[in-house]
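**Student:** One structure coming up, written as structure tokens, with questions to follow.
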Amino acid sequence: MGSTLKHLLLLLLVLIRHVDSAAIVKSLPGLEGRLPFELETGYIGIGEEEDIQLFYYFIKSENNPKEDPLLLWLDGGPGCSSLGGLLFENGPVALKSAVYNGSNPSLFSTTYSWTKMANIIYLDQPVGSGFSYSRTPIGKSSDTSEVKRIHEFLQKWLSKHPQFFSNPFYVTGDSYSGMIVPALVQEISKGNYICCKHLINLQGYVLGNPITYAEHEKNYRIPFSHGMSLISDELYESLKRNCKGNYENVDPRNTKCVRLVEEYHKCTDKINTQHILIPDCDKKGHGITSPDCYYYLYFLIECWANNERVREALHVTKGTKGQWQRCNWTIPYDNNIISSVPYHMDNSINGYRSLIYSGDHDITMPFQATQAWIKSLNYSIVDDWRPWMINDQIAGYTRTYSNKMTFATVKGGGHTAEYLPNESSIMFQRWISGQPL
């Protein structure tokens, strides 16, 4: 009898270990009343033993969830939680910037959410970011391993939500996800050819200020800085003449170039590289004490996500996560995709649509760098450079290519959509519905 009971308990433990959790969230601390949208959170187990547990937030479209596109949103980093994308960039709720007094930070409903026209899965990846965790040590993650894990996540998530198999599917994200998203699109596309009875209805992808070939793209920071009047004409001409376009991995024997690059950094070190017009108040922690700093919101999101009531509302499994961080920079990680340009080329050949947008006040990933790799794909222009408008005002500039790739700048935007979420939302809404920007 004792042996039978022991075996039953072991079987129960195995079943519990392999059950993926999902729960509907009716309300959130900091927001009054019931949620005006449908939110589901949960974990999907990854790997043979499903030791990796990837946490997600799923928000149904507020328009027509049965037919509207399904998006997967990935934040950058690597190691940044997609809760940041939800609360800062394109979700239906956002954090109020107010002095933290020890109580839970407040939320408000937004008018710019992408969920007004799409279903969105916000995924915490790689494992170790956000509320995702592993039951056992997994060693170092990498770009390529994460691509396979995210693909597995999608297959399992859709098998549990089969009503979304037929929805047009897009992979979306910004910043470092520029390395992951194109490779993931290729992985899904290949998977559709070799498997299964239910195919992912892959249509394309969306990327904002994407890192694509980091070591090469950094060289565009100096031309960008000159164009924005952060350095003088004389310094710029000397840099071009003596560095020959290579400003990052400078040969130490080229002493003239070394000295000139040092002069450049003296001019720009106190500039906020994410958005050159916003005070760089986060590096010394000034934002922690004053909501006058834009990045005070980064402090507030950590206060909110580490509140026990919030974790209970989100159905985070107790004991699986210590301190929640907006970005976990300590995850062991191998950046083993050197350039995602070949993936863009492959995805273009396979006919997938893409929207690539750039906030034009971002030094981290200058729009000139993005234009350069798009040009290197060597596709013809079908709709040449022109302004795109909102309420008869120029919101940015756009160009469309024969590979179904649309490039757009967001005038006054920064490294992510959070700086101008309304403009970014209108741009996305037009593109996803097939309208010209």
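Any Cβ shown, glycine's included, is placed from N, Cα and C.
Remember, it's a predicted structure, so these values are computed and weren't measured experimentally.
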**Student:** Looking at Swiss-Prot, which one of Cys281, Cys303 makes a disulfide with Cys293?
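**Tutor:** Among Cys281, Cys303, the cysteine that Swiss-Prot links to Cys293 by a disulfide bond is Cys281.
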**Student:** Considering the candidates Cys303, Cys327, which is the cysteine that Swiss-Prot reports in a disulfide bond with Cys80?
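**Tutor:** Swiss-Prot says the disulfide from Cys80 goes to Cys327.
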**Student:** Can you look up which of Cys243, Cys267 is joined to Cys257 by a disulfide in Swiss-Prot?
**Tutor:** Cys243
**Student:** I'd like to confirm something. Which of the recorded positions, Asn101, Ser175, Cys243, Cys281, Asn378, has a Cα closest to the Cα of Cys327 (disulfide bond)?
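**Tutor:** Nearest candidate: Ser175.
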**Student:** Under a three-state reduction of DSSP output, how is Cys243 (disulfide bond) classified: helix, strand, or coil?
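**Tutor:** Once the DSSP labels are grouped into three classes, Cys243 (disulfide bond) ends up as helix.
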**Student:** Taking Cα-Cα distance, which of the recorded positions Cys257, Cys293, His415 are within 10 Å of Ser175 (active site)?
**Tutor:** His415
**Student:** Taking Cα atoms as reference points, rank the recorded positions Cys281, Cys293, Asn328, His415 by distance from Cys243 (disulfide bond) and give the first.
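**Tutor:** That would be His415, nearest by Cα distance.
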**Student:** To the nearest Å, how far is the Cα of Cys257 (disulfide bond) from the Cα of Asn101 (N-linked glycosylation site)?
**Tutor:** 50
**Student:** If I restrict to non-local contacts, at least six residues apart, and a C-beta distance under 8 angstroms, what lies near Asp362 (active site) in its own chain?
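**Tutor:** Expected: Asn209, Thr273, Gln274, His275, Ile276, Gly413, Gly414, His415.
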